[in-house]
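Trainee: According to TrEMBL, the protein has these features:
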- 6-215: domain 'Cytidylate kinase' (DOMAIN)
- 10, 11, 12, 13, 14, 15, 16, 17, 18: ATP binding site (BINDING)
Ligand code: CDP
Ligand code: CDP
């Protein structure tokens, strides 16, 4: 039986990780959050006080970094950084780090290794167009900027972050721009992806839509 490979792409706050996690549980397959990997590298760069113009130091840091997912948590050099990578300080720098071709080269290789020999649902920005071009199913999630910013703001406030709605709007618009205009593998819907606008849809609606696409395609986990 063929492994099932689902690629989920879209901008920040479209619902990728929430929905992918639930689909993974329902199908009993692995969920891989590639955004968390770019965030982990960015966190390490910030902690070490390395400037984004210092390419040599970032290349060296990449070679000395170990990233792992264990039980849905992300580990950076064996430290659980699942909460720290979500801070606004990381969000505001991550797209510039993710635009560096050598950073992408290293992380894409890791992502392909993680997805080999297993059934997976992987989310990010370039999964359907680059990382897993041969995925059986490709989903492109979108929502209006206002809706995405509202969702992310609610989430940040609930987690006790000291941010304003304007901070979140600015961050999301800035990342949308950098992610979709960078030279290497920009955020873009794959030609063969199914686009789902989640603006006025519940999480359950979107999960059910994806599960019904999986059933239609006829692959088994
Ligand atoms: O969760 P949120 O949508 O805010 O972002 P994320 O998925 O955690 O991704 C953080 C950032 O990493 C994005 O804004 C992109 O700059 C970058 N990223 C990327 O370039 N390629 C991916 N496959 C995943 C994330
Ligand atoms: O991963 P991505 O940045 O695309 O989005 P997310 O982190 O999964 O979703 C951001 C927030 O929106 C979460 O708090 C979700 O619960 C919420 N959400 C929602 O309210 N309705 C949806 N249809 C999808 C997500």
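Even glycines carry a Cβ here, placed using N, Cα and C.
Just tell me what is around each of these and how deep it sits.
Mentor: Using a 10 Å Cβ-Cβ cutoff, residue 10 (ATP binding site) registers 27 neighbours. According to DSSP, residue 10 (ATP binding site) is assigned to coil rather than to any helix or strand.
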Trainee: Suppose we draw a 10 Å sphere around the Cβ of residue 12 (ATP binding site). How many other Cβ atoms does it contain, all chains included?
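Mentor: Other Cβ atoms found within 10 Å: 25.
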Trainee: Within its own chain, what residues at least 6 apart in sequence put their Cβ under 8 Å from the Cβ of residue 18 (ATP binding site), listed in sequence order?
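Mentor: Expected: 203.
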Trainee: Running a distance check here. Ligand 1 versus the binding-site residues 10, 12, 14, 18: which have CB less than 6 Å from one of its atoms?
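Mentor: Within range of ligand 1: 12.
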Trainee: Please state whether DSSP places residue 16 (ATP binding site) in a helix, a strand or coil.
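Mentor: The three-state answer is helix.
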Trainee: Can you list, in sequence order, the residues of the same chain other than 10, 11, 12, 13, 14, 15, 16, 17, 18 whose CB lies within 8 Å of the CB centroid of the ATP site?
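Mentor: Near the ATP site, beyond 10, 11, 12, 13, 14, 15, 16, 17, 18, sit 19, 123, 141, 143, 148, 198.
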